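Annotated features, as they stand in Swiss-Prot:
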type	residues	note
BINDING	43-50, 136-140, 190-193	GTP binding site
DOMAIN	34-338	domain 'tr-type G'
Amino acid sequence: MNRIASYLRTYATEAERPMATDVQPSESDVERLLRQRNVGISAHIDSGKTTLTERVLYYTGRIKDIHEVRGRDEVGAKMDSMELEREKGITIQSAATYCNWKATPPTERSNMTGDAADESTVTTQKKHDYHINIIDTPGHVDFTIEVERALRVLDGAVLVLCAVSGVQSQTMTVDRQMRRYSVPRLSFINKMDRAGANPWRVVEQIRTKLRMPAAAMQVPIGAEDNFQGLVDLVRWKAVYNEGTKGNVVRESDDIPADVLELAREKRQELIEQLSDVDDEMAEIFIEEREPTIEELVAALRRATVACRFSPVFLGTAIKNKGVQALLDGMCAYLPNPMEVRAIANDTAVAKKIAAQANEEGHDVAAMQSSAQHGSEVQLVPATEAPLVGLAFKLEESRFGQLTYMRVYQGILRRGGIIFNSRTGKKVKVPRLVRMHADDMEDVQEIGPGEICAMFGVECSSGDTFTDGSTTLSMSAMFVPEPVISLSLTPEGKDTSVNFSRALNRFQKEDPTFRVHVDSESSETIISGMGELHLDIYVERMRREYNVPCTTGKPRVAFRETISQPAKFNYTHKKQTGGAGQFGRVIGYIEPMTVDEDTGKDTAFVNSVMGGNIPPSYIPACEKGFADGLEKGALAGYPVCGVRMVLEDGAAHSVDSSELAFRIAAHAAFREAFRAANPTILEPKMSVEVIAPVEFQGTVIGALNQRKGTIEDTEVREDDFTITAEVSLNDMFGFSSQLRGLTQGKGEFSMEYKKHEPVMPNVQADMEAAYKKSLEKK
């Protein structure tokens, strides 16, 4: 009760921003939220995320038996519910579930004892019941949006790493995503039973490659295929999983002699690492005093919740070892929903700030930034507060559209009326469910801090829902731009309806899946994050909609941009008898980097003073700018990284119109674009290759042949890892080449890194080819 009272006293006083409501969490809110965790499990592909989640569900009693990925037992892992996921052995869509866990507090000193023949988890004198919402995310970079939107709504995460491979390319992507949303994380080094497992190398990689202070919470007893158990460095006990499925957890005060010295060394290392990021632990370290278990646990929790430290747990999910300790760690060190500061924008306040700034003649970009930050409020996880929830994922089910929702404050009720803050529309919630992969459980209401799903609510991913009493809106998630495209043609007759239906559904579900019709060839073009990403959607179209398709050759997502500012002063004048067309625009364009608040790298800024261009024509000028972004002047690729600033102009009382100013702005943009030293950009990929060490020279030669730049090489006893930067345009066909070079033993992954200018000779060829294609028309 003292802890509850403490939360009630300090919740409002610790707020960094104005509170969204005067209502505070009640005692029952605090009591419930203290025992709740919202956790995502993320990692590089094949690190064992889904296998780990399967064990978590089994040990918490959520499922009755353990099944493996790839459907080896003709059942498949619970969280891989799609047929394609079970066939390919990869997670394609993030899957949500929930479970309850009786956690042993790290400060609990009593031993666990039990009969190994008893297949139930052994109890202790004191345990606490925790409710855990879990989202299992894909590891393949092509499905990175699934990780993005999961981390947007979660309070904590488990970053799974392979004990052999360590930090890999997608690990670094997930790390960036966790930092983007300030998500505290535990690290779990999986596959400790594999040959070549080296947890200390992986811990060092977390510190150096991910730049995250970290230390092991455990020391392994035995190595590789002789991996037997773990030494808990906080509670100073030897821990063993026994029973056929690791259900029985046995603890002992006797630390094996062969690991005793290492355990002492690693415990001291844990304290030293913590003292670098926690002031209270630093004082204890300076005093050369041994911290108590309570002091150590408190410091671990403070540093983890503040995203300054990552506790590292060890285990092997496939061999059922170390999972229960990780569950205890989730409950002990990851934040509850009250410890995460959820921020929303009050749109009414934002409009007032923007209007005031406009009246005072401030720069438009500064005005927008001021309105964004000045309207921020902190949401309160109280049931009595006005409802605020975020729709973070859409999915089509046999019952209609399924909308996943995180409730931040207030209560969402079945049959209740909610308002979409983006559209202003009100909708009724016909059905409310908790998800367990593809199964669901109907509920009547969901409180703050919970994750649920709604049926029959039309919306878009990233929409905010309220009860209509507030003008709050939460920021949407970051959506990366597609890097690859291909043409798609449905086979057979009478497939056009299902073809359109499938494309519309896939676009609603996945913001990184884009569709457009090529204006020149009239082909349907789909764009996405990689070849596998698009292949999955083509296959889903065949299976789910009975629409087999023919695909064209993949196309790289080239872009055009500028490298210096350029002014424009353009007049569009046309007289054809009667009312003509007149519009004059003056201003400049300049290079622009990605805006951290909006995630966009193009912007139109209205700096017109004095009304030389009537305000009613400004939106038409912005549309003209948008028209210019669609096709660059060099090779017809979309334009990025440009800000257009409109400073002045002129209008005619009779001949001016929206169309005239739209044409004028478009022509002015194209004219200035040519004068701004434009260049063509191509996507550069971070490529990671793992293969047996005897093929190292051959693989490096293949990457050099594709004009790759080797960035890092790590050689182990049996295999090696090479990281290189290669143009996506040079990576087609590498998969089959690598199989041939390594006798099928090599594997690679790649992820988008950045867009960079193409070589001058390549740009000249692309410009010539584009000019030639225009001449043929």
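Positions of Cβ are set from backbone N, Cα and C atoms, glycine also.
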Cβ-Cβ neighbours of Ala43 (GTP binding site) (radius 10 Å):
27
When DSSP states are folded down to helix, strand and coil, where does Asp46 (GTP binding site) land?
coil
Rank the binding-site residues Lys49, His140 by the number of other Cβ atoms within 10 Å of each Cβ, and give the residue at the low end.
His140
These are the binding-site residues: Asp46, Thr137. Which one scores highest on other Cβ atoms within 10 Å?
Thr137
Assigned conformation of Thr137 (GTP binding site) - DSSP reduced to three states:
coil
Let me check the 10 A CB neighbour count of Met192 (GTP binding site). How many other CB atoms are there?
25
